[in-house]
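These notes are about the structure you will find just below.
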Amino acid sequence: MAPAESGVSPRRNPSQLSWMNLSSNLILAYQSFGVVYGDLSTSPLYVFPSTFIGKLHKHHNEDAVFGAFSLIFWTLTLIPLLKYLLVLLSADDNGEGGTFALYSLLCRHAKLSLLPNQQAADEELSAYKFGPSTDTVTSSPFRTFLEKHKRLRTALLLVVLFGAAMVIGDGVLTPALSVLSSLSGLQATEKNVTDGELLVLACVILVGLFALQHCGTHRVAFMFAPIVIIWLISIFFIGLYNIIRWNPKIIHAVSPLYIIKFFRVTGQDGWISLGGVLLSVTGTEAMFANLGHFTSVSIRVAFAVVVYPCLVVQYMGQAAFLSKNLGSIPNSFYDSVPDPVFWPVFVIATLAAIVGSQAVITTTFSIIKQCHALGCFPRIKVVHTSKHIYGQIYIPEINWILMILTLAMAIGFRDTTLIGNAYGIACMVVMFITTFFMALVIVVVWQKSCFLAALFLGTLWIIEGVYLSAALMKVTEGGWVPFVLTFIFMIAMYVWHYGTRRKYSFDLHNKVSLKWLLGLGPSLGIVRVPGIGLVYSELATGVPAIFSHFVTNLPAFHKVVVFVCVKSVPVPHVSPEERFLIGRVCPKPYRMYRCIVRYGYKDIQREDGDFENQLVQSIAEFIQMEASDLQSSASESQSNDGRMAVLSSQKSLSNSILTVSEVEEIDYADPTIQSSKSMTLQSLRSVYEDEYPQGQVRRRHVRFQLTASSGGMGSSVREELMDLIRAKEAGVAYIMGHSYVKSRKSSSWLKKMAIDIGYSFLRKNCRGPAVALNIPHISLIEVGMIYYV
């Protein structure tokens, strides 16, 4: 059989495949400049001024400048080049990077999650099996120790939230620091520009940056990579020019002997200056956090071939210039730029600062969405700004909060050195946390020895600890800002997670017994009404208490009932083919099903608006699959709760016994409106006539029908499918709990503060669950419930 006939594409030779991989990685490497390296590449604007501020001004000499450059060179080599490129980029979660990716890996390979909604079926997800299978992972004593102690698992969650809150702090500090630093060049050439005028211009740029976030960056994203590349090439040649013109001997400073000499001369003052040196690697975490948009090869190529050499040459050239112009340290970058190219470089620097700020803002949105997916952030509005670029999101509430805080930083400090102190602490803390989780991954996921993990952790913590300790010395000089921001965001995230856990625990312990459910019938005055009732809860098993409340207050429920649970699993993405997990709750005559809708922590929830039709198709496929199972007849008379199957609505379109057709129904204007004398109704009539001159309203409606091949199925299966179709035609109602969560009277004062004040405030001021799930308001039934947790 020919390849075309068999459906198998012709095999490509190895040279073709290698060329395709090379070209693909080169394209991704090019695109990564605008997303990953914007922040890191603008560091030369403020590193040397921040390093030589404070007591180090007493050591303004050539040896100190050479030593500072040597420190910057080895910092760039050890942290971005060795730690991130060689080690961390190998620890991805299905291609995703960042602290949450490492935590997700740990949650899959060890039972670290505090929310007990995991199921065995989740482990069958294709993304779940990435890396060593959980079936083959040997239960090490360290892993068992973590799983047994809830306090340790809580501590791990707190560390993750601490890191996430620090990243949010980066989203506040980076725009203020980058924009102010790029604009500082105006004062180098225009002496009459005051600090106040510079601040006003910076605020205008910052307001414009945040105000345009709702438009999405995809319209101008194609410019991001060229801007950063032009910036890197510019600073490379400026650095090369300064080396040749001012002091070619600076090349010798790559030797670590200059670091020893530097500390021997400067002593404690030199150690404190490390808080400025670490600014040379701010933005490095973006190489790992944005891994999901690229490949590890593309990020490695971009950094090793372009970014690293350009930054090293620029810092070397700036140091060569400063060694002969010690008075230019406060504005070292712009003073080192040759006059003929000053204005082009100034424009490119400002644009590069905006690109770097944009990348950090986008990362902040992504981190908050991941926190929300893991149940650690209140429900917020997530707007997807691009139909073509997956994961490009905008969060209005967070955007305006970031803008207000960023403006407060710029106006309050007015000094890039103070903001740099805060920014350096935030970045180094995130790196510190990433190193810690990487060590855990080495033991738990990679199954390497604890000695190797301890060696990795100890080596990097010693290096990073030196920088962090120096940065912490500047807490009183602006360094307190990231801790205040982190404390606020972390408290909000943990309180929300704690309240969510307690609420889930209440639901779990107050599930309705199956015996009660089986006893529902006409003898109790219960009526089954036409339609499908979707009962939403967070329970993945059992019948939620809101259903009993609903039936108690309104003794009727729908002919078809589906208990729906929308939950997140510790993987970045769940494919549409694996999204729906369908099962049966009661014997067949009850027409009760369970649907678990699974999303990854980076997935988009219900964006297509076709949830009802996908659900009906999946249930129909489940009924068909169950009928073909020879063992199903043996268990038909008993409860099938707990038996779940993965169903694909996409697959059912081609193989299902249901056919889907879209019909256009025509509704005519109500005759009561036409004959009424009411002014209001008459105005409505005029609206109808303007929009539909014929008095017709056209509506699209999806209908399901059994295929011709369904005649061979059993009568009971056909009847069940017809009941499902008729119920869908009758309409779909959404039943949700309107919850009031309160602490018990016997609770401690701390718990009362967390639940009655903190969680209650967040719940009242966040989006409702119905809005977050895009549930049509006209079809919503809310059942009031009080949760005493």
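In case you wondered, yes, glycine gets a Cβ from its N, Cα and C as well.
Swiss-Prot annotations:
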type	residues	note
MOD_RES	Ser9	phosphoserine
TOPO_DOM	1-32	topological domain 'Cytoplasmic'
TOPO_DOM	54-68	topological domain 'Extracellular'
TOPO_DOM	90-154	topological domain 'Cytoplasmic'
TOPO_DOM	176-195	topological domain 'Extracellular'
TOPO_DOM	241-270	topological domain 'Extracellular'
TOPO_DOM	292-300	topological domain 'Cytoplasmic'
TOPO_DOM	322-340	topological domain 'Extracellular'
TOPO_DOM	362-392	topological domain 'Cytoplasmic'
TOPO_DOM	414-424	topological domain 'Extracellular'
TOPO_DOM	446-450	topological domain 'Cytoplasmic'
TOPO_DOM	472-478	topological domain 'Extracellular'
TOPO_DOM	500-789	topological domain 'Cytoplasmic'
TRANSMEM	33-53	transmembrane segment
TRANSMEM	69-89	transmembrane segment
TRANSMEM	155-175	transmembrane segment
TRANSMEM	196-216	transmembrane segment
TRANSMEM	220-240	transmembrane segment
TRANSMEM	271-291	transmembrane segment
TRANSMEM	301-321	transmembrane segment
TRANSMEM	341-361	transmembrane segment
TRANSMEM	393-413	transmembrane segment
TRANSMEM	425-445	transmembrane segment
TRANSMEM	451-471	transmembrane segment
TRANSMEM	479-499	transmembrane segment
Contacting positions for the topological domain 'Cytoplasmic' (362-392) when only residues 6+ beyond its ends and CB under 8 Å are counted:
35, 98, 100, 115, 157, 161, 164, 167-168, 170-171, 214-218, 221, 286, 289-290, 292-293, 398-399, 402, 492-494, 496-497, 500-501, 568, 570, 599-604, 607, 762-763, 765-769, 771-772
Among 69-89, 155-175, 271-291, 393-413, 425-445, the stretch with the most Cβ pairs under 8 Å to the transmembrane segment (196-216) is 393-413
Okay, the transmembrane segment (220-240) and the transmembrane segment (479-499): do they have at least three CB pairs under 8 Å, pairs separated by 6 or more?
no
State the non-local partners of the transmembrane segment (451-471) in its own chain: residues 6+ outside its ends, Cβ under 8 Å from one of its Cβ atoms.
75, 78-79, 83, 87, 271-275, 277-278, 421, 424-425, 428-429, 431-432, 435-436, 438-440, 442-443, 479
Could you give the mean pLDDT over the topological domain 'Extracellular' (472-478), rounded to a whole number?
88
Looking only at the topological domain 'Extracellular' (241-270), how are its residues distributed among DSSP helix, strand and coil?
26 helix, 0 strand, 4 coil
Using a Cβ distance cut-off of under 8 Å, indicate which of 271-291, 341-361, 393-413 has the most pairs with the transmembrane segment (69-89).
271-291
Maximum Cβ pairs under 8 Å to the transmembrane segment (155-175) - stretch from the list 220-240, 271-291, 393-413:
393-413
